Amino acid sequence: MAKQTVADLKDIKGKKVLVRVDFNVPIKGGVIGDDNRIVAALPTIQYIIDNGGKAILLSHLGRIKSDEDKKELTLKPVAARLGELLNKDVAFVASNEGQELEDAINAMTDGQVLVMENTRFQDIDNDFGKRESKNDPKLGEYWASLGDMFVNDAFGTAHRAHASNVGIATAMKANNKPAVAGYLLEKEIKFLGEAVDAPERPFVAILGGAKVSDKIGVIEHLLAKADKVIVGGGMTYTFYAAKGLSIGNSLVEEDKIELAKELIEKAGDKLVLPVDNVVADAFSNDAKTETVEGNIPDGYMALDIGPKAIADFENVLKDAKTVVWNGPMGVFEMDNFAKGTLAIGEFLGNLSGATTIVGGGDSTAAVKKLGVGDKLTHISTGGGASLEYLEGKTLPGIAAISDK
């Protein structure tokens with residue numbers, strides 16, 4: 001990776017180190033549903049405090065549209081959970097600008113950790129509009145002024161240019177201060193980058209999810225890079241329509257059928273679609289179901305891939321040396337239509353001798369549900385960011401970091 005990393009930082013002891021982490025965790029009534037993203041940030045935080053740095057953490061949490069949102073989306077419970085994981089006191093400051101924050105930072109001792117309030121409170125707490133989300137340079141400069149060096153460890157927001165990532169990095173570099181990648185960001189770029197740019201072959205991509213429109217760029221980019229691209233999930237049926245198959249009441253993007261036709265022609269035998277599907281007479285876990293090959297009957301909608309498709313996909317995957325999986329094979333949140341997604345997750349968990357990378361909420365949830373997460377090479381923490389990276393796009397949060 002041609003970007004400077006936290007390991008390149010010199011003389012951290014006594015320095016104020018700003019760290020953009022991704023603590024955007026599911027939270028309800030102050031209870032954290034999944035602390036994975038907090039855990040993922042620990043190596044970078046630990047490195048800074050072990051070397052005597054003062055770790056000042058910034059993160060967003062959810063989208064803030066009202067004062068009501070602010071009560072639900074405070075980072076206070078996240079700071080408490082971080083303290084438990086680090087087994088040390090973590091200071092929380094209920095603001096992200098002003099005297100209270102500045103005093104708390106100036107009072108920090110070496111090896112201490114401080115979490116400031118949700119950066120997106122800046123999207124409503126002022127007369128200037130969405131200062132954080134719109135990357136207000138003055139806000140980036142202000143936050144940069146609070147530290148001696150900046151570490152971006154938030155891959156989940158790397159595809160967005162916000163004041164708390166691009167803004168701070170830009171201001172730091174303008175003042176000849178370091179702006180580097182944390183261990184998590186470095187790991188994401190390493191695994192996703194190597195998978196796409198220098199994969200051990202055969203390289204198989206598995207793409208699921210509801211919409212072709214969300215994944216068009218990724219499909220096109222990966223068709224040029226991968227040996228096979230497996231397509232499942234709701235977007236399958238736009239491809240079915242493009243092939244002239246009947247799709248019943250299945251999800252379809254009418255305005256993307258022509259594009260799907262072009263992709264099928266361009267891909268040749270690289271593109272692998274499900275040969276059979278589990279269909280239902282209603283979008284419900286209790287609906288009447290059947291397994292059908294090819295055409296989907298009128299009055300039915302396809303909600304998962306069928307057993308022959310699972311066997312086909314596993315046959316393609318069994319010899320793979322690199323696999324990237326993003327998106328479910330069916331309506332994963334309904335048990336009766338989760339089998340395809342779970343089967344792929346289980347197969348990848350038991351695939352030996354291959355680099356296996358999983359991204360996206362449902363795919364990640366599937367491997368966790370199966371307990372095979374630790375058997376995979378890498379679980380990406382970025383949904384949209386990993387998709388844009390797989391599409392070959394430059395991510396602003398990474399571009400803003402200092403080059404080696």
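Cβ from N, Cα, C; glycine included.
Given the structure is predicted, the values throughout are model-derived calculations rather than measurements.
If you look up Swiss-Prot, you'll see Asp22, Phe23, Asn24, Arg37, His60, Leu61, Gly62, Arg63, Arg120, Arg160 marked as substrate binding site, on the strength of sequence analysis. Feature annotation from Swiss-Prot assigns ATP binding site to Lys215, Glu333, Gly360, Gly361, Asp362, Ser363; the stated evidence is sequence analysis.
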Rounded to an integer, what is the Cα-Cα distance in Å between Asn24 (substrate binding site) and Asp362 (ATP binding site)?
16
Whole-number answer please: how many Å between the C-alpha atoms of Asp22 (substrate binding site) and Ser363 (ATP binding site)?
19
Relative to the Cβ of Gly62 (substrate binding site), which residues of the same chain, six or more apart in sequence, are found under 8 Å away?
Asn24, Ile27, Asp69, Glu72, Leu73, Asn118, Arg120
Would you pick out, from the binding-site residues Asp22, Asp362, the residue whose Cβ has the largest number of other Cβ atoms within 10 Å?
Asp22
Among the binding-site residues His60, Arg120, Lys215, which residue has the fewest other Cβ atoms within 10 Å of its own Cβ?
Lys215
List the Cα distance (Å, whole number) between Lys215 (ATP binding site) and His60 (substrate binding site).
26
With the ATP site defined by the record as Lys215, Glu333, Gly360, Gly361, Asp362, Ser363, how many Å span the farthest pair of C-alpha atoms?
20
By Cβ count within 10 Å, point out the most packed of the binding-site residues listed: Gly360, Gly361.
Gly360
Can you name the residues of this chain that are 6 or more positions from Ser363 (ATP binding site) yet have a C-beta less than 8 Å from its C-beta?
Gly208, Trp325, Asn326, Gly327, Pro328, Thr341, Gly345
Span of Asp22, Phe23, Asn24, Arg37, His60, Leu61, Gly62, Arg63, Arg120, Arg160 around substrate - largest C-alpha separation, Å:
18
Is Asp22 (substrate binding site) helix, strand or coil when read with DSSP?
coil
Please report the DSSP secondary structure of Ser363 (ATP binding site), reduced to three states.
helix
Glu333 (ATP binding site): tally of other CB atoms within 10 A of its CB:
12
